[in-house]
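Worksheet: the structure to be examined is printed underneath.
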Amino acid sequence: MPHLENTVLCRESQVSTLQSLFGERHHFSFPSIFIYGHTASGKTYVTQTLLKTLELPHVFVNCVECFTLRLLLEQILNKLNHLSSSENRCSTHITCETFNDFVRLFKQVTKAESLKDQTVYIVLDKAEYLRDMEANLLPGFLRLQELTDRNVTVLFLSEIVWEKFRPNTGCFEPFVLYFPDYSIGNLQKILSHDHPPEYSADFYAAYINILLGVFYTVCRDLKELRHLAVLNFPKYCEPVVKGEANERDTRKLWRNIEPHLKKAMQTVYLREVSSSQWEKLQKDDTDPAQLKGLSAYTHVELPYYSKFILIAAYLASYNPARTDKRFFLKHHGKIKKTNFLKKHEKITSLVTLQLLTLVGHDDQLDGPKYKCTVSLDFIRAIARTVNFDIIKYLYDFL
């Protein structure tokens with residue numbers, strides 16, 4: 001399929017395998033397919049593009065957004081309902097609380113003529129989060145075709161291997177498909193494909209070659225590299241725009257961009273400045289020292305929820321205890337004591353990274369106490385990555 005070859009690059013083997021598994025529209029497909037690989041390896045993009053290009057009926061659900069059983073099941077059913085023709089569509093929001101109800105309601109929704117004689121695909125992105133839900137959920141999805149007697153295929157997209165999913169009691173084994181990391185050649189080809197129409201393909205490919213030469217050793221995430229390519233390209237073009245060089249003056253273009261790429265190295269992954277702020281810094285030739293917020297920790301990539309733990313630890317370390325009600329309670333009243341951290345192990349990684357430090361003694365009866373050791377610049381930068389305005393909650397800024 002020519003259109004698919006131009007939109008999905010360097011994943012020919014995976015696309016071919018999936019097309020073989022999907023087969024003809026009216027054929028029963030494989031009941032469940034498990035696709036895994038590191039972040040930014042093309043799992044979601046390839047799956048979505050293939051299903052849309054082939055115009056196959058499908059629903060796509062993110063398991064991070066649907067973090068409870070009810071949210072997940074209702075999202076699938078209501079999206080399927082919208083795929084049905086208008087005369088067969090349920091006019092109200094479908095509610096579902098158990099997997100048994102889901103099987104029953106799924107049969108009803110897929111009775112519609114528009115879904116009856118073809119394979120329906122359910123795509124569960126970030127599927128590793130299913131392991132934290134009810135024990136019958138994963139085995140149920142793996143056997144959904146059998147349980148519903150419908151032509152349905154469930155695709156699981158995950159960053160971890162199938163062996164980490166498999167229940168101890170055993171289950172139906174899915175077809176496992178691996179997406180390897182992109183090689184430097186793959187990244188060169190994919191990123192060069194994005195070249196702006198006003199510049200030649202060779203000019204942009206030379207720029208991408210320089211970019212990968214600087215960043216490939218520390219960053220192989222396609223999304224991050226694409227962001228860096230867009231962010232720094234105007235600076236690379238500057239001598240050409242000003243008439244100081246032409247597109248073939250590779251050495252002059254390199255000398256112009258080199259110091260700015262070194263600045264960008266300080267903020268890989270952790271976006272302590274926005275794209276607009278970064279462009280302003282480039283124009284003003286700002287000293288790299290002004291980007292010190294995260295410079296000591298640029299090699300650290302914190303998980304999403306660890307960022308909130310660190311923010312909470314910073315607030316607890318620097319706000320007086322008496323201000324907690326003022327900042328965090330809408331209605332003052334009796335506060336039930338809750339165990340915020342059930343296990344000591346949940347914050348040991350932050351201690352290892354020297355973002356938190358243990359204060360007091362390990363043998364304290366009420367559990368260990370920690371203090372946040374990061375700077376205000378650092379915690380503000382972390383808070384920005386999760387859209388949390390930490391200044392509003394700091395007593396010193398009242």
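Just so it is clear, glycine is given a Cβ too, placed from its N, Cα and C backbone atoms.
Automatic prediction, not curation, is the source of TrEMBL annotations.
For the domain 'Orc1-like AAA ATPase' (8-154), the number of residues in each DSSP class (helix H, G, I; strand E, B; coil) is 72 helix, 19 strand, 56 coil. Residues annotated as domain 'Orc1-like AAA ATPase' in TrEMBL: 8-154.
The domain 'ORC5 lid' annotation in TrEMBL covers 204-271.
Summarising the annotation, TrEMBL assigns domain 'Origin recognition complex subunit 5 C-terminal' to 302-338 (among others).
Residues or ranges marked as domain 'Origin recognition complex subunit 5 C-terminal' by TrEMBL: 345-394 (among others).
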When secondary structure is assigned with DSSP, how many helix, strand and coil residues does the domain 'ORC5 lid' (204-271) contain? 50 helix, 0 strand, 18 coil
Mean of the pLDDT scores, which run from 0 to 100, over the domain 'Orc1-like AAA ATPase' (8-154): 92
